[in-house]
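Asks: For reference, the structure I am asking about is given below.
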Amino acid sequence: MSLLAVNNLGIATGGQDLVADLSFAIEPGQRLGLIGESGSGKSLTAMAITGLLPPAIVPRGSVTLDGVEVIGAPERKLNQLRGAASAVVFQEPLTALDPLMKLGNQLAEPLHRRFRREGRDLANIDAEIIALLERVSLPQPQRIANAYPYEVSGGQRQRVAIAMALACRPKLLIADEPTTALDVTTQAEILALLDSLVRDLGMALLFISHDLPVVSTIVDQVLVLRQGRMVETGPVKTVLGAPQHQYTQSLVAAARAFDSALGAS
Amino acid sequence: MTTIELDRPAPRAAISWTFVVGMTLVGIHAAIALLTLVWTPYDPSSTAGGRLEAPSLLHWAGTDRLGRDLFTQIMIGSRIALQVGIGAVGIGAAIGVTIGVLAAFATRLLDDALAAAFDILIAFPTLLLAMLVVAASDTASLWSAILALGIALSAIVGRLTRILAKRVLQMDFITAARTSGTSWPRIVVIHVLPNIWPTLMVNFALQFGLAAIAEASLSYLGLGAPPPNASWGRLLQEAQGTVYTAPFGAIAPGLALLVLVIGINLFADGLRDVGDPTRRRSR
């Protein structure tokens, strides 16, 4: 059984379809890239998977996450699913962390729930916080745990945000443009980190991005979205190497043109 | 990542001079208020002094028309002003923050209804509210004034809380908390309240000063604590008839109220900086 099965997902607001007829599945440990331009419905799809669409935006169809139907599920049931089945890393690490809470305390929140879920001794949480910060390659974890978000750099904040997602020990990690707000060097580091974490912890990955080169380095399968509809899907090499659809071709051509422009300069 | 940051000195609080002056002025009032519980220069109801005496070494602020020591009464007025401030802000905060947070979470319809209720209550004359409370409790007392002011303040606090909480709820870290399975009540406790608290605290301090002034107005009109433990407003009212012959009777309680409210406003100003971690840690 698939870890995540999306069947004929539609997302609409005020009678207008934002996403329609979207179907895909992610098996345990599999990595899928969701590609599309701004407004193509990538992030809405991620929100629908975790049952976190705003009240005015209504989903239809079916989303089964870890065997639980998400659409129409009560908040209580969703809260048990969130964290345990899926966790999300967001685009902007500054706003995704509470500015008034020390980073260690923020990490303690999901850890607390997981420890209780797994029946582990809550006294070990402090040690686990440090271990998690080390796991995402943050130097001086003790100092980071005692710092407020504004006291660490953007790349470090994103590492903390990833550590928070890991704290849940999810089966599916959803990364919503996790490198877009970072500079290119940091981007590469974060991608390498995500890659190794997903491999080592055996998580499945749903990687959302508009950036083809970024996506192609980290996932095996891609799905191209345009205006809320699937354009093309398949293994990365096939879709990006020999795109069938005109839209995908134009995306690939654009990325190539950018590369050659860089090479020429 | 550099190691230089490790060596920086331990963070120190950035405390402004306004905060220090404000806290001193409020502190003096608080100390006097506490002192009246155990000691006053004279018995507040003793009429041993001469009538309408000017300030002297025996009577620092003179005496009223019954020969009671005015300084003693002003000291007791301090206690009453602080009691009213703490009581009214406490009631206003308890009701206002609770309903304000609920409104931020409520459905559209209930939220609109609560917002309208806040606006109506703010528009409702505090004086009329105080009269209704007095009528309902049979007699004008310190507690009827505190209750009336508390209810009036709760609308202001509620409206502010609702707006602040709504703004925080739209932030990314709330969504992030929800994706990891944090429940709504937990989000309110660990994210919403701490993020709106600094702004609310500044507002509470300002409301405290306004409550002290409002109580003086209520007492002036006879809707507050009755003598001999009278508030500054009552002292002003009693001094009104003799203001030309003995102006100290009006000046002294007025001055006490002025100092308290200035102190509170300076304190509130400094509080703003203390609540902000980016300023708290900067030197």
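Note: Cβ is positioned from N, Cα and C throughout, glycine not excepted.
No curator has checked TrEMBL annotations; they are predicted automatically.
Pasting the feature list from TrEMBL:
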- B:78-268: domain 'ABC transmembrane type-1' (DOMAIN)
- B:12-39: transmembrane segment (TRANSMEM)
- B:80-106: transmembrane segment (TRANSMEM)
- B:113-136: transmembrane segment (TRANSMEM)
- B:142-161: transmembrane segment (TRANSMEM)
- B:200-223: transmembrane segment (TRANSMEM)
- B:243-268: transmembrane segment (TRANSMEM)
Asks: I'm a bit unsure how to read this: which one of B:80-106, B:142-161, B:200-223, B:243-268 has the highest number of Cβ pairs shorter than 8 Å with the transmembrane segment (B:113-136)?
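Replies: The listed stretch sharing the most Cβ pairs with the transmembrane segment (B:113-136) is B:142-161.
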Asks: Can you work out which residues elsewhere in the same chain, 6+ from the ends of the transmembrane segment (B:243-268), have a Cβ less than 8 Å from its Cβ atoms?
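Replies: Contacts of the transmembrane segment (B:243-268) (Cβ under 8 Å, skipping residues fewer than 6 from its ends): 18-19, 21-26, 28-29, 52, 54-55, 61-62, 64-65, 70-71, 73-74, 77-78, 81, 85, 202, 205-206, 208-209, 212-213, 216, 232-233, 235-236.
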Asks: Could you give the residue numbers and ranges of same-chain residues that sit at least 6 residues beyond the transmembrane segment (B:142-161) on either side and whose C-beta is under 8 angstroms from one of its C-beta atoms?
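Replies: Those are 80, 83-84, 87-97, 99-101, 103-104, 114-115, 117-119, 121-122, 124, 126, 129-130, 132-134, 196, 199-200, 203-204, 207, 210-211, 214-215, 218-219, 223-225, 231, in sequence order.
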Asks: In the same chain, which residue numbers or ranges, 6 or more beyond the ends of the transmembrane segment (B:12-39), come under 8 angstroms Cβ to Cβ?
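Replies: Cβ under 8 Å, 6 or more out: 75-76, 78-79, 81-83, 256, 259-260, 262-271, 273-274, 279-280, 282-283.
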Asks: Under 8 Å between C-beta atoms and at least six residues away from its ends: which parts of the chain pack against the transmembrane segment (B:80-106)?
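Replies: Sequence-remote neighbours of the transmembrane segment (B:80-106) are 29-30, 33, 114-115, 142-143, 145-147, 149-162, 164-166, 169, 184, 188, 192-193, 200, 204, 207-209, 211-212, 214-216, 224-225, 229-232, 256-257, 260, 264.
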